[in-house]
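Features as listed in Swiss-Prot:
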DOMAIN    60-236  domain 'VWFA'
MOD_RES   95  phosphotyrosine
ZN_FING   291-308  zinc finger
């Protein structure tokens, strides 16, 4: 006995993530189902792409972050707040990559109050900087769903009818402290066509279920960090637009970036309109994007002109939104033993070892599950189909 190497007994070990130790055999014993749930969620998201459906391409989204004392719990590492802010940094980057003509804002609720961390804006750098600074935020008190939703609604209700109005709530607490009847507010949100979705970090809460159901949103409770990221990814694609939403042509301007040098005699320094309501000190600059209608200057696109209201974008912004309207068809799932072709993934060239493979119905090339998800979530086009297109003559 003395010669046995020292090792921690099961009853001496920590209780961290004990649910992942469970296994299930063919007789029906217990098993860790986390990976299976994540796998099914990935595949479900591939099949959920809305083809031939009106989508809210111009999105206005407020993210409400719970800042109550429950965010200091350490079931997510290092704690719920830090994990949430890190995942939101990823979410903001991906959101603007897939929705370049949309805007986002962040609200924090704690101590029965709500305050804006960032205003609605199309500038991802500003949001990411604010999220990095919020890591040092003190979590205390209870959240207030009522105050948070009221604050978001005050801005969203003035958005044009052809845009999507959304709120995503990251809810850690099991309680909410509200100054009035929240069910009356839910009716107001529904009338204003504001879609509210909730991601719970603790357990299902009745008021969140009603809130999501009545406004047409979704409500999920996370299993672990990976599932948390999957649920956030679910909100990157634009939701289907309601049949009652306005359908009209939208005037847009496509300003070119003008660069002037100090040696240019005709160059006139000017202020950027984007600095009017910002915290940064306005400064005189020579170059920028000039609105083709009123000549107001802006530092970056996309933006809505503060003078004439014209939406200013660039052509690549519209091109990157195009894939949502015509999504790539889902690949066919086939058991590996029934597949007679080469046992290598066409995307990563790795050996196919999973129980199922995924075949493109057009080019008949086979992919592993990771490449399948990557193709549908990021590339939005099949590599095999692209390679089969003949090159133009003379190239």
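In case you wondered, yes, glycine gets a Cβ from its N, Cα and C as well.
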The residue listed as 'phosphotyrosine': secondary structure state under DSSP, collapsed to three categories: helix
Secondary structure content, the zinc finger (291-308) (per DSSP, counts of residues): 0 helix, 4 strand, 14 coil
Tertiary contacts of the zinc finger (291-308) (same chain, 6+ residues out, Cβ under 8 Å): 100-101, 122-123, 253-255, 270-274, 276, 285, 314, 317
Rounded mean pLDDT for the residues that make up the zinc finger (291-308): 87
